[in-house]
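If you check TrEMBL, you get these features:
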COMPBIAS  1-12  compositional bias 'Polar residues'
DOMAIN    257-683  domain 'Anoctamin transmembrane'
REGION    1-43  region 'Disordered'
TRANSMEM  265-294  transmembrane segment
TRANSMEM  300-318  transmembrane segment
TRANSMEM  371-394  transmembrane segment
TRANSMEM  414-434  transmembrane segment
TRANSMEM  457-478  transmembrane segment
TRANSMEM  558-581  transmembrane segment
TRANSMEM  648-670  transmembrane segment
Amino acid sequence: MRRLSSGLTSQCGRARALESPGPPLASSVAPGASGSRRLLGTPPETWSAEAAASFSKMKVTLSALDTHESSFTPLVVIELAQDVKEETKEWLKSRIITKKKDGGAQLLFRPLLNKYEKETLENQNLYLVGASKIRLLLGAEAVGLVKECNDNTMRAFTYGTRHNFKGFDDDNDDFLTMAEQQFIIKHELENLRARDEKMIPGYPQAKLYPGKSLLRRLLTSGIVIQVFPLHDNEALKKLEDTWYTRFTIKYQPIDSIRGYFGETIALYFGFLEYFTFALIPMAVIGLPYYLFVWEDYDKYVIFASFNLIWSTVILEVWKRGCASMTYRWGTLVMKRQFEEPRPGYHGVLGINSVTGREEPLYPSYKRQLRIYLVSLPFVCLCLYFSLFVMMIYFDMENWALGLHENSGSEWTSILLYVPSIIYAIVIEIMNRLYRYAAEFLTSWENHRLESAYQNHLILKVLVFNFLNCFASLFYIAFVLRDMKLLRQSLATLLITSQILNQIVESLLPYWLQKKHHVQVKKKVQALKADIDATLYEQVVLEKEMGTYLGTFDDYLELFLQFGYVSLFSCVYPLAAAFAVLNNLTEVNSDALKMCRVFKRPFSEPSANIGVWQLAFETMSVISVVTNCALIGMSPQVNALFPDSKADLILIVVAVEHALLALKFILAFAIPDKPRHIQMKLARLEFESLEALKQQQMKLVAENLKEEWREGGKEKTP
């Protein structure tokens, strides 16, 4: 065995010796290494020649390497700063491997490189974290994972009743997906809490208090650079082959995406796929309207009405499909964990009145002052600047139009589109700059919970992006009343923003990542030939990848696209067709981004798409108002009321209210969850109440029995 492999084995052997007794080595290998599991529990001299030969020829990947070269599967990587003191490393290692009852995480922990390899290779403060099978199963119970039982019901997993769950077997290592295993390890690391320590050893400035999350303090202090889950190259290759490597129009492997990346990522791709297919009817109907009845506003009334009903129905049907998916995954019935303070939250130490634990406390009135006296004026200033840039764009439009009218050449006709293209690029730049400012302001507001932070950030970004992207269209439609310019601007903004997003979000990062990958390959190949650096290469490559910051930007892009399609559908019915074409490539580019551009994100259980459902529903309500107003402004409709504009306004408002009423009736009439899901959830609630009742009756019976015994003793002389 090469020196790197032997070093890894000796290091992790010592780490495993510090852990409590667990299952044999064969029970803690990675998913995907099933072909070698039978050999690992038996001594080599008992192997058959065929088995030994196949084992020795096995390709060295992440899953296979930790099967026969180390004692546990590396699931998570911790990178420390280069100048971290040795006493800090030893303290962190001790807290990670110590038993749970003694305040540790009881995980497996070892450095990526041993002492000799640190001298041979570039010195990296990289450490691998894993866990035994029993530890992962106990962790699954602690985080409240919900699994399917043998009777086809979904129940919270418990170690004591593990054999009642479908697919569980003592020899089966695929019961928990790798994403679930990494989520469990992340949960255990984040719940490592200070006990009697007052500071991080070696860093007096990094203060601790009882109950403080050690990992969060290490991250905010700069001692820990990052914590990220490793890819499983075999599983990733299988996922890519069924997902995006062949450009064909097909359903995505949503369940496989969920198994590898978790529910939050899978829900985004599920929504992207659903939204794309839901756009096809709009695109099919909009195309003949665009080709044959371009200036016939009377017929656009039918198209706009269909758009309004469509936007309501697709959102309600999505909620039903989402409920079915998340019930099957177990997250719909998963109990919500108590939210801990977010890492950046700070304040004066005090006692939390809910938990009774010591933690930073920050007065609510101070946060409100920051929001209303600083954040709100800043957002308003940014909105004003956006409107100022919009007026510059209209000056450029007038200049280009005047130039074309004077010369009338083909070049000036092309020049008519240049202001819109420049404005679309400026809009994208402003959106991204504002995003950084919004993140800084929201962090400065010092929200205690991550959910509160996300809600305030989303509100800031949505308000600015909505005004920045759609203000010019509203101005053209309702102030200038130039429908030709509105169609031109809408088409230019939509197409330009889609092209820019594809380049900036996927193609450019992928190109940069490929360049870095080549550099790492050359670096590893230049090492001594007797060093097997397969795992080293993978970890070093992945640690330099960009960090995926969540689905926020992806949902925001779909939200703006939904606005372009629905707000002005009666003016530019071709928008849905362009959205479909974009999304067909978006599925593949986003898949490429997740698999090859960014680090693997930690799995996060989700039951729905969260606040984005409300955002899309709000956009659909606004679209009712805009489409009714546009139809009311059409020359054909105005010709019906030549003498009284008041009657026209009243009729338009009445139609708008009627359509809004129809939307809300449809939303109420379509249940959010299918009937069979409602029945299963009701059954689970009934059974939990019955179990609680039985437990209370048993407790009362034991108390009565104890009282009877005490009464009998008193009567005995």
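Quick reminder: no glycine exception, Cβ is built from N, Cα and C everywhere.
What TrEMBL says about a protein is an automatic prediction, not a curated fact.
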Given a Cβ distance threshold of under 8 angstroms, which distant residues of the chain, six or more beyond its ends, lie next to the transmembrane segment (300-318)?
271, 274-275, 278, 281-282, 285-286, 289, 293, 562, 566, 569-571, 573, 613, 616-617, 620, 623-624, 627-628, 630-631, 634, 659, 662-663, 666-667, 670, 672
Can you tell me which parts of the same chain pack against the transmembrane segment (648-670), counting only residues 6+ beyond its ends and a CB-CB cutoff under 8 A?
305, 308-309, 312-313, 315-317, 320, 617, 620-621, 624-625, 628-629, 631-632, 637-638, 640-641
Using a Cβ-Cβ cut-off of under 8 Å, list the residues of the same chain that are 6+ residues beyond the ends of the transmembrane segment (558-581) and lie near it.
271-272, 275-276, 279-280, 282-283, 285-287, 289-290, 297, 300-301, 303-304, 307, 311, 462, 465-466, 469-470, 473, 477, 483, 486-487, 490-491, 493-495, 497-498, 612, 615-616, 619-620, 622-623, 626-627, 630-631
